[in-house]
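This report refers to the structure that appears directly beneath it.
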Amino acid sequence: MPLGLVPLQAPGIMWYVSTRGMAPRIDFEEALFSGYAPDGGLYMPEELPQLGRETLHEWSTLSYPSLVKELCSLFIGPELIPRDDLNDLIDRAFSRFHHREVVHLSRLRNGLNVLELWHGVTYAFKDLSLCCTAQFLQYFLEKRKRHITVVVGTSGDTGSAAIESVQGAKNVDIIVLLPKGHCTKIQELQMTTVLRENVHVFGVEGNSDELDEPIKTVFADVAFVKKHNLMSLNSINWSRVLVQIAHHFFAYFRCAPSLDMHPLPPVEVVVPTGAAGNLAAGCIAQKMGLPIHLVVAVNSNDIIHRTVQWGDFSLSKAVKPTLASAMDIQVPYNMERIFWLLSGSDSQVIRTLMEQFERTKSVSLPKELHSKLSEAVTSQSVSDEAITQTMGRCWQENQYLLCPHSAVAVSCHYQQVDRQQPSPPRCCLAPASAAKFPEAVRAARLTLDTPAEILALEHKEARCTPMRKGDDWTRMLRDTIEDLSQQWQRRFLNLPA
């Protein structure tokens, strides 16, 4: 069934459907508590609200939190979370951010606009969507008197932001698998030093794609997932993509020259990405009527770049470790959402495509889908050398320190500037603070003024259970989940331990 585009005032509940078309449609609450759909697809809104010029005008002066409220109210609906409750949840989600604006636009030399998405507690953009998602979860859990166990595989920032968003919550336990030695020391410490009773961290002897395997195996056991109320907070979760749509609206409104022009002026948004959640959010914003051009910027792990350029959606032989380590990802699962969106929500095409990809790890996009993708998005792949050069140049020109992931986006900006071609205003999304990546800062021969909270991590007690090569990771994960369920039942029924 093709994706509906509905005027903003459309009444009724917002429904969610699987990209593969074989699962029943569900509401926001069910989508929030789901990872993959039962047919292996990802949930997407059945209809996208269309925003006219008038609404864009009204929204153009809103703060970032107010934009999040407007977007969430469209995609959640007052029958599930009344608007006053929604406003309170979002205010609570952003209450511990370091910057009063929550996100901040830095305007630098040579038309460089950097949207800082990293003012949350863990200094990464994932704080924005995960803090909101955790508030929504707790709202429904308290209402339904339920407990869940969240299972997260992380390449660096997701784990710490997920832990931060739910630590101490009485209805939630969180299990995080981190790739030992594959994320920075700071990222690891942000996870292993949270000694709350509901936080359980495992250090896996493998990379982030390898640690996803036991998680996928556990989630494929539908009866087990149901019995233990399991869910994921990776960016397969629709709620995270939803909050990220606001980044694109905020970037547009802060960088567009004027909203009085006909047609509305375009703005280019440069999205550095690994799993493509932020890119999927941008494609949805485009479909809703926001006049943005999307540039996707990746590191040497270039599957998204190859897909945009040549329709070649295929795995490389191995993940290449780069300075932008949180983007060292082979399987950008949110591309499935983008393919579905651009195919006119043709779930049959997507099911065939993704099932072939799962079997052979390589597909060529159908010609029509590839041409839609290259109309919606342009792409670049950025080497480690270009990352350090960009960090150096940005410091030299602005005394402004970029993290290596933000440098991937800004590298695209500098390439355009150096070509001296006219282009629309451009906004580069900055997903993390340089303070989290001292190794990359040193590689760029720069120095770092590290925030006190990050320095303090070194001296905290850490707790982490090893998952060694040769261990049965799936069994260890299942055993932990079963133990947590039993503990919750004892607590809930007030039984002795």
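Just so it is clear, glycine is given a Cβ too, placed from its N, Cα and C backbone atoms.
Copied from TrEMBL, the annotated features are:
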- 16-94: domain 'Threonine synthase N-terminal' (DOMAIN)
- 119-416: domain 'Tryptophan synthase beta chain-like PALP' (DOMAIN)
- Lys126: N6-(pyridoxal phosphate)lysine (MOD_RES)
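Cβ-based neighbour count (10 Å, all protein chains) for the residue listed as 'N6-(pyridoxal phosphate)lysine' stands at 33.
The average pLDDT computed for the domain 'Tryptophan synthase beta chain-like PALP' (119-416) is 95. Per-class residue totals from DSSP over the domain 'Threonine synthase N-terminal' (16-94), listed helix then strand then coil: 36 helix, 11 strand, 32 coil.
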